[in-house]
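A short write-up of the structure that comes next.
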Amino acid sequence: MSEGQVGRRPIGKAVLIAGPTASGKSALALELALAAGGVVINADSMQVYRDLRIITARPTRADEALVPHHLYGHVDAAVNFSAGAWVSDAAKALEGARAEGRLPIFIGGTGLYFKALTAGLSVVPPIPAEVREDVRARLERNGVEALHAELAARDPRAAGRLNLRDRTRIARALEVIEATGRSLLDWHQEGQPPLLPRDSFHAVFLAPGRDELYARIDARFDAMLGAGALREVERLAARQLDPLLPAMKAHGVPALIRHLRGELSLDEAATIGRADTRHYAKRQFTWFRHQLPEFEWVKPEEARGWLAAIVNAAQDEG
């Protein structure tokens, strides 16, 4: 049965495909979309950026032409795109897929996006830029220990849940209490309901062996350089955006910008980019294991069997 034949029938549960970078998620999602009349919805926080097609390994234009793809490259790099903004866009994509009778397939490696999708999201108001910038300046000037002590004095509950390695989360908690007068924990308790309740999705986490994954990460980074990643980063750097913006911190971008400034050789920048990506993959394993235990862990060589079961389930649910 062709994609066109199945693409308009009613669909049951959504499918969530997660995993570390370079684990083969995109290929699996495309195969499932073709087999089950699906639409691919991005759940990767870096692949949303228009400026970063190559360095973030977004699907190719040829793949995008085969089945509908949503939430890829739809945000300018100058935007500090939040999880809340993604959830809003994802809700529209999910509604559109269901209206067309297509299987919604969420794919990516950003754990917070999947957590928001399946467990809801807190309703913290937007933090004024001046508050955020002031907290960041204090972090750089005084260090993380001083910032954590400040948080402990103002929001001991939040501080008690964070250690000194959580620089970003410490700063975030302090921003929230300064801007709103309320603890981040209180805001979390008033969160939005999930887009996908527990019984409304199938979820898989692709888990290659570490050695295999790291080899794939290294090879893919080199392939991205060969495909023009350096020129892409050069165009991004020419915009002179705030280096703290998410797009400016995508894996490989800071090191390649340092190369363009003459601070690193290309080999040195590539070595840093590969290492940063491997470290991120390691953190992804840890995060999903502890935060999203409902995901079924599958080795890449077992993925086809899982995919066949999902196709059969989609047909039964539709």
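All residue numbers here begin at 1 and follow the chain in the order shown.
Keep in mind that glycine also has a Cβ here, set from the backbone N, Cα and C atoms.
Quick caveat, the model's predicted, so the values are computed rather than measured.
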Annotated range (Swiss-Prot: region 'Interaction with substrate tRNA') out of 4-7, 44-47, 100-103: 44-47
Neighbouring C-beta atoms (10 Å sphere around the C-beta of T21 (ATP binding site)): 22
Long-range environment of the region 'Interaction with substrate tRNA' (44-47) - Cβ separation under 8 angstroms, sequence gap at least 6: 56-58, 72-73, 81, 83, 86, 107-110, 112-113, 246-247, 250-251
Surrounding CB atoms that lie within 10 Å of the CB of S23 (ATP binding site), all protein chains: 25
Secondary structure tally of the region 'Interaction with substrate tRNA' (44-47) (DSSP, helix then strand then coil): 0 helix, 0 strand, 4 coil
